[in-house]
Amino acid sequence: MTTTSTVPRPPRTPARAASAFLSAHPRTRLILLLSAPLFWLGVVYVVALALLLVTAFWSVDSFTGEVTTEFTLDNIIEVVTGSLYQTVTLRTVGVALAVTLIDVAFALPIAFFMAKVATPRMQRVLLILVLTPLWASYLVKAYAWRSVLSQDGILEWLVAPFGGQTIGYGLPATIITLSYLWLPYVILPIYAGLERVPDSLLEASGDLGGKSWPTLRLVVFPLVLPAIIAGTIFAFALSLGDYITVNIVGGANQMLGNLVYTNVGAANNLPLASAIALIPIAIIFGYLFLVRRTGALDNL
C-alpha cells in the first residue's frame, strides 16, 4: 500500500489575493498603472492651463498691486489690439517659422542618409552624434553660441581674413541658435519615418526608370510627410515659447516669452502675463488642428 503526501498550500494572504485579482483583470491592472501618471498630468498640465486661462480675465489693483479676481476683458483686449504685442507676436511667429524651415532643410538629408544610406554600424554612430547635444545643458549650448557669434569669437576669427565680420547678436543669431538647439528633435521623427519606408519601394521605382529626385518627391516624400510635420511641431512649438535664447543672443529684441517673463517678474502683472501666454498656446493649438489629419500626431 502506497501513501501520497500532499504539500500544504501557503495561506492566502491579502497580497496574493490582490495579485490573483489583478492577473485575472488586466483592464483593472492597466487603470491602476496609469492612474498616477494621468493624475499628475491632469494636475500639472490641465489644471495649470485652466488656471492660466482664468487668470487672464483678472486684473491688478493699481493702488495695492494685488491681483483681483473680478472678471475683465481688459487684458485680452490690450494683447489683441496693442501694437507692441502685435509686433512681438509677428516677430515670434516669424522666428519660429524660420527655425522650423531651417531645421527641416538640414534634418531631411541627415535623416535620409542615416536611414537609407549608412551601414548599421554607421547608423548607430550617427544616432549617438544626433543625441549627444541633448545631453548638454540648454544654457551651456546657448552661451556657446554667444561666444561663437561675439565680436572676438570663432566666427569673427574665421571670416576676418576675407574681410567679413560676425553677425553679432540679434534675430539672425537667435534663429541660428534655436535651429541648432531644436535640430535633433526634428531629425529623430523624420529618421523614424524613413526607417518605416520599405527599401523595396525605392528599388521598384528604380526598376521602373525612376531617377533619384522623382523617387524622393513622388515615393518617399508622401510617405514621410507625417514624420516631417511631427518634427516641425517640436521646432515650431519650442521656438514659440522660448525666451532664454533671445535674452542671450538676441540683443535688444523681444519675443512673446520675454513679455511673459517681464510681466511675471519686474512688472508684477500676472493677469497680463497670462493673457500674453495664451497667444503662443492658441497658435500651436491652431497648428495642431490643421495638421491632425496628416497623421503627424501619431509620429510624436
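Every residue gets a Cβ built from N, Cα and C, even glycine.
Whatever TrEMBL says is automated annotation, not expert-curated.
Since the structure is predicted, the reported quantities are computational estimates derived from the model, not experimental observations.
So that you can see what the record holds, here are the features copied from TrEMBL:
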DOMAIN    89-291  domain 'ABC transmembrane type-1'
TRANSMEM  30-58  transmembrane segment
TRANSMEM  93-113  transmembrane segment
TRANSMEM  125-146  transmembrane segment
TRANSMEM  166-194  transmembrane segment
TRANSMEM  215-238  transmembrane segment
TRANSMEM  270-290  transmembrane segment
*For the transmembrane segment (93-113), which recorded stretch in the set 30-58, 125-146, 215-238, 270-290 gives the largest number of Cβ pairs separated by under 8 Å?*
215-238
_Within the same chain, where does the transmembrane segment (215-238) have neighbours whose Cβ lies under 8 angstroms from its own Cβ atoms, ignoring anything closer than 6 residues to its ends? I mean 6 or more beyond._
96-97, 99-100, 103-104, 107-108, 112, 178-179, 181-182, 185-190, 192-194, 196-197, 201-202, 205-206, 280, 284, 287-288, 291, 294-300
*Using a Cβ-Cβ cut-off of under 8 Å, list the residues of the same chain that are 6+ residues beyond the ends of the transmembrane segment (125-146) and lie near it.*
110, 113-114, 118, 169, 173, 176-177, 180-181, 183-184, 187-188, 191, 244-245, 248-249
_Six or more residues beyond either end and a Cβ under 8 Å away: which residues meet both conditions relative to the transmembrane segment (30-58)?_
22, 67-73, 75-76, 270-271, 274-275, 277-278, 281
